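Chemist: TrEMBL lists these features:
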- 251-269: compositional bias 'Low complexity' (COMPBIAS)
- 2-69: domain 'CHY-type' (DOMAIN)
- 71-134: domain 'CTCHY-type' (DOMAIN)
- 135-178: domain 'RING-type' (DOMAIN)
- 245-284: region 'Disordered' (REGION)
Amino acid sequence: MEALGSVGCEHYKRKSKFVTPCCNKIYTCRFCHDENESHCVNRKDVTELVCTNCDTRQKVQAECENCSLRFGKYTCLECKLFDDEEKNQYHCDGCGICRIGGRDKFFHCETCNMCLPIKLKNRHRCVENVSRSNCPVCLEDIHTSRIPCHIPECGHLLHRTCFEELLQAGHYACPTCQTSLLDMSQLWKYLDNEIEMTPMPPEYKDFKAEILCKDCHEESIVKFHVVGLKCINCGSYNTCRIKGSPKPDISAQQDGQSAAGSSSHSSSGGSPGAGNEDPCPSSQ
């Protein structure tokens, strides 16, 4: 039997309600429960439900034992999930939960322990159990979240909405490892031009700084500039100073002094006897 129309809540369209095992109350879904109670429910612990058509309380099953109503077009008895909306749902045994988007478009990575788009198969950086950690921005769960996640090249997941908020706020580095979240090459070119157009004062032009690049993770010694410190390995300005403050380049200073000394010696040594023509005044 199929009832006319669909009922449910803002989270799911379904024709049943759960009897929550934790507080013995009736809610349409786990999100409705969690939003109204001070504790969370594990939907896999649910053993009873109520038919919205005939109000019969019964064990969890696909159809009502009294009126034969099917509780959802998509049914997963392992997850206790019923949904009347078409979302290309499928159950992933590896994740242990139902996913949306179509089984043919995703694969389960055993190392990351989560479903990833097919296009990333053998082309992503594995981070062990990466989805079992919380989003580093909002600190909410990622693995069971209904919010799509963003997968940067470093492999540390964050909610897509949180990723977009980071960009809008001007933050372009992964909150977990500080690697650049985007291709920043155009910004690096802009900074190259800014440095070229903004020379440092003479007293600082030979200063060097020891840096760590957050993109290639290499250390190097580079010319100090207030606009930015460019990694000599990968060209990134996503760097930080290490081992103290910038210091003068001793070798450059010595080279400068040597050049000045050579110039002075040449001018005083000149040709034989030249120094006797205009002797410097002697001290009294």
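Cβ coordinates come from backbone N, Cα and C, glycine included.
Where the annotation comes from TrEMBL, it is an automatic prediction and has not been curated.
Set these features in their place in the structure for me.
Modeler: The residues of the domain 'CTCHY-type' (71-134), classed with DSSP into helix (H, G, I), strand (E, B) and coil, number 9 helix, 21 strand, 34 coil.
Residue counts for the domain 'RING-type' (135-178) under DSSP, split into helix (H, G, I), strand (E, B) and coil, are 9 helix, 6 strand, 29 coil.
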Chemist: With DSSP as the reference, give the number of residues of the domain 'CHY-type' (2-69) in helix, strand and coil.
Modeler: 10 helix, 16 strand, 42 coil
